[in-house]
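*Asks:* Take a look at the following structure, please.
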Amino acid sequence: MIPSRIFEKWWLRAFIALVVFFVWQICYAINRVQGLEEEKAVLQATIEVLKRKSDVLRTEIHEKERTLTRLDGRIEEIDTQIRDHISLLPRVNRSTPFIYFITPTHFRAAQKADLTRLSYTLSHVPNLHWIVVEDSDELTPSVAEILKRSRLPYTHLNARTPSDQKMKYTDPNWTLPRGVEQRNSALLWIQNQLSAVRSGVVYFGDDDNTYDLRIFEEMRKVQKAGVWPVGIVGGMFVETPILAGNGSIIDFNSIWKRERPFPIDMAAFAVNVTLILSNPNALFSFDVPRGYQESTFLEKVGIHRYNMEPLAEKCSKVYVWHTRTEKSKLSKEMVQKLTKKTGFNPLEAHALGV
């Protein structure tokens, strides 16, 4: 039998060992906490350093953005100066009347292409204000970007065609009148914003027509309403007024609906802005016979067919063509995408401007 003294010493040793173990654990934990505190302090110091660096970087970024903005402005000034100097037309002074070039436009496969091409033509024309009116519920970034890149003075508007007057994709171009709401929106803008203007010319320029730069100099000659030949329109190579020996208009050579008061195309005339301002009811309408949009408008501004001013060297030259971008031949799937304006891949979206 084991003596009780030995038993007591064994438990004492075990107790002491256990106390020592717990003391060691406590010391280890204390050291670990102290280490974590030191790591925390180091991390906090690092965070403060990074914050200061972040503040410095933000300041530098802000300064660089300001510099970039200044450079962009300078680039725009230089672009304008270069464009003015390389313009294919003679430079004009500020007293030269402005041309208010109204372009209705609607979304289609070729819209971005047509507007881009037109913008390059108009960018060569000094003293021109481009009024682009989209057939949409809101302004689209793609059209806005084209206008911005043109470096032209411009106004960007939108006016939706009523659904009952909207053509379907498969409808022929002549099914319903186009551009009525859009042209009216531009005319109302002119009446509201240019009421104090005493000179200038208003012209309705489609986005897919073709313009010789000389047509714009002809427009500047308009006193009340000028007229000139238009190529490739009305089933003819050229539609034009017919002049008498003294240069006055005696007839028109149109073969389609010759009985119209003005058997001409929208691209064939321009009117002085004062006629728009003095005739606020001179607007386009859906409630006119097919082909009578031009006639109705010109009658509303008080113009008589024989009192128009024949321009383009007494209507002996063609400086504008009623070209039309061919309706894109698309698969059924592509037509559905175009109609819904959804489902495009990134490259298609960039090409279409959506």
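Quick reminder: no glycine exception, Cβ is built from N, Cα and C everywhere.
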*Asks:* Coiled coil per TrEMBL sits at which of 33-81, 131-179?
*Replies:* 33-81
*Asks:* Measuring Cα to Cα, how many Å separate Glu294 (active site, proton donor/acceptor) from Glu239 (site 'Interaction with galactose moiety of substrate glycoprotein')?
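*Replies:* Per the Cα atoms, Glu294 (active site, proton donor/acceptor) and Glu239 (site 'Interaction with galactose moiety of substrate glycoprotein') stand 14 Å apart.
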*Asks:* Roughly how many Å lie between the Cα atoms of Glu239 (site 'Interaction with galactose moiety of substrate glycoprotein') and Asp208 (Mn(2+) binding site), rounded to a whole value?
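*Replies:* Between the alpha carbons of Glu239 (site 'Interaction with galactose moiety of substrate glycoprotein') and Asp208 (Mn(2+) binding site) there are 18 Å.
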*Asks:* If you draw a 10 Å sphere on the Cβ of Glu239 (site 'Interaction with galactose moiety of substrate glycoprotein'), how many other Cβ atoms land inside?
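*Replies:* Other Cβ atoms found within 10 Å: 24.
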*Asks:* CB neighbours of Asp208 (Mn(2+) binding site) within 10 A?
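*Replies:* Result for Asp208 (Mn(2+) binding site): 20 other Cβ atoms within 10 Å.
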